[in-house]
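J.: Below is one structure. I have some questions about it.
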Amino acid sequence: MTISNTRPITPDLIASHGLKPDEYERILNLIGREPTFTELGIFSAMWNEHCSYKSSKKWLRTLPTKGPRVIQGPGENAGVVDIDDGDCVVFKMESHNHPSYIEPYQGAATGVGGILRDVFTMGARPVAAMNALRFGSPDHPKTRHLVSGVVAGVGGYGNSFGVPTVGGEVEFDARYNGNILVNAFAAGLAKTDAIFYSKAEGVGLPVVYLGAKTGRDGVGGATMASAEFDESIEEKRPTVQVGDPFTEKCLLEACLELMQTGAVIAIQDMGAAGLTCSAVEMGAKGDLGIELDLDKVPVREERMTAYEMMLSESQERMLMVLRPEKEEEAKAIFVKWGLDFAIVGKTTDDLRFRILHQGEEVANLPIKELGDEAPEYDRPWTPARAPSPLATNDVPQADVSDALLKLVGSANNSSRRWVYEQYDTLIQGNSLQLPGGDAGVIRVEGHETKALAFSSDVTPRYVEADPFEGGKQAVAECWRNLTATGALPLAATDNLNFGNPERPEIMSQLVHAIKGIGEACQALDFPIVSGNVSLYNETNGQAILPTPTIGGVGLVRDWSKMARIRFAAANETILLAGAPESWGTHIGQSVYMRDIHGRTDGPAPHVDLGHERKVGDFVRGLIEDGLVTAVHDCSSGGLALAVAEMAIASGIGATIDAPAEHDPIPVFYGEDQGRYVVTVAEGSAETVAARAKAAGVALPVIGRTGGNAVQLGDARPVSVDELRSAHEAWFPNYMGGDLAPDN
């Protein structure tokens, strides 16, 4: 259906574009007339939450974004961090939540495609991907279908494009029943003197369209991603984009080849709001106007309107400002790769965004007010309310070994092998640590010893209980996971997934989580260099668990000394770095309370950032000096799960003592922060103990490796085979449909 640009602008039409009455008034005051239909669509796309961050911008500004290694912080397609020797890592994490719920395969696939494009737009070749996935309860009728589609979509795109998936998360909770989360991360490598930016410079220069043709897929996608779901969800299926990883691979190679010619002045990928957003961002950043002639845009469907072309989110497309003398050379590269190359406009000096179609001017708007001067809100938020502590004697009991078996085989703590074996984890030939450990690690090509570590973390149940502590914990756990491989954590990207910010209690979650993230990043020298905010993750008024995912990158100076989680040998000493006197104390919000006793009460664990840093720096020093043989951070499931995972990974058992006079439940299942399980060979034990004493780090000996079972204190031993069977069984059984879902 062709929609006229002179369609009457009614209150219903304004509301259907996600614009509030006061925002429409602002448009009228800004342009001094009623907008055309195309202009209304452009404002809707640029002023929605997905593109403008209007509810979160005030708080995002408070995050630490600078550091000695930060070359580019937030505001570009991705963050850029120096990794020495003239190399840099370019990375970002972004959500594709709403599309993935409506159309799981394409939603997840184009989420991967979009984040890869953000990275190579900056001039970097993608070298690693991660995906943090959150689904509804296993017994919800849609969950299995969504898991299957999303995992296939992530694998289908990443594998075909040729980037290894090195890590991620998969979690289930009934609060995601109506809104799943698909947070995609990508990282690439570039030279520090060859980074490309999106800021247009120079007047009268050609604006070039690159890549695939424009269709009607994804029209209105960014607006959909800024609204809650309701009963009309199926009608939103046409707003999901369709991806082609092979075209994207060609686009990558063509862009990197073009960048070597010196032809590129500015480049921006077409993501949310397509041609509109990319053109506005390039012009607004450079204080330039942009004029586009839509008759020149390569299309794959007939009779497309200006509105559809401006708002299409067809994939695998770029916009570029080009040096005119390089036009023929640039065109030849794209023709060689079988891609479209079309000059569709020019830069101007009047700060206007002008759109021509079939000889008519269909839009003429002020570019700055569309872009970096979009509306910004200081939404009301309620004060923080931390839950009361559990009573001292409120420690529900269970058999320690039964609990261990149940937790290692539970929906949220079982092996994710079923997921990551559908991803190519080895392509490019640089993978050193695959999913299943604390962090994924890849070698930096062309360098003998250097590697990069990647981790993605958040504990939503902590954030719901206490957004400030939960925000701190997400950063601390990511930093800890990188450290556990021996990496120096460099910087992070944040993907903030929350409900409707117009509700003060939800806005409060967002505000306090950002405050916690900021405090932790500051204390740990772990700046935020890129990110994404996804709000309105609600269905019929039911919000998701607040989920501020943190993706982090660390530098391993010598990968031959890198630590892994698996026990290296029998008869080694097991130590607990950073342990409190009783080894573990905090069971509020623990998986033990949730999965064994069905309780979600109590406070989140406190994160002492000074302690976190001291213990982490100490452990990293041990790894770099070759003094430890295995390392695993203590997080979900506490000491018990950490030891069990180390045993499962190695096939070697462990005997863990228990401190006298202490209840074994918090000792083994407490989720106190800032702890690492480490093993040392006989010859290193005294050296390590002396270093711990000098550093002021608690490092009690808690047991020994060996045998074929895990024994926790006085509890009955559980064989490693039994633990592995339980750990590996849940996911394939569930996806095969022959498992009680809550097992």
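Glycine is no exception: its Cβ is also placed from the backbone N, Cα and C atoms.
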J.: Need a hand: Swiss-Prot gives Ser95, His96, Asn97, His98, Gln241, Glu313, Ser314, Gln315, Ser534 for substrate, which of Arg69, Arg117, Arg557 is also on that list?
T.: Arg117
J.: According to Swiss-Prot, Tyr53, Lys92, Asp494 bind ATP; so which of Gly18, Gly123, Gly531 is the extra one listed there?
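T.: For the ATP site that includes Tyr53, Lys92, Asp494, Swiss-Prot also lists Gly531.
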J.: On the Cα atoms of Ser95, His96, Asn97, His98, Arg117, Gln241, Glu313, Ser314, Gln315, Ser534, which are listed as binding substrate, what is the maximum pairwise distance in Å?
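T.: Among the residues the record ties to substrate, max Cα distance equals 20 Å.
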J.: Looking only at C-alpha atoms, tell me how far Glu313 (substrate binding site) is from Asp269 (Mg(2+) 2 binding site), rounded to the nearest Å.
T.: 11
J.: Which chain neighbours of the ATP site, leaving out Tyr53, Lys92, Asp494, Gly531, have a Cβ atom within 8 Å of the mean position of the site's Cβ atoms?
T.: Leu60, Pro74, Met93, Glu94, Thr493, Asn495, Leu496, Ile528, Ser530, Asn532, Val533
J.: Record lists Tyr53, Lys92, Asp494, Gly531 as binding ATP; longest Cα-Cα distance in Å?
T.: 16
J.: Using Cβ atoms only, which residues of the same chain lie under 8 Å from Tyr53 (ATP binding site) while being at least 6 residues apart in sequence?
T.: Leu60, Val533
J.: Restricting to the binding-site residues Glu94, Arg117, Asp269, Asn532, which ones have a CA within 10 Å of the CA of Asp494 (ATP binding site)?
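T.: Near Asp494 (ATP binding site), where near means Cα within 10 Å, the binding-site residues are Glu94, Asn532.
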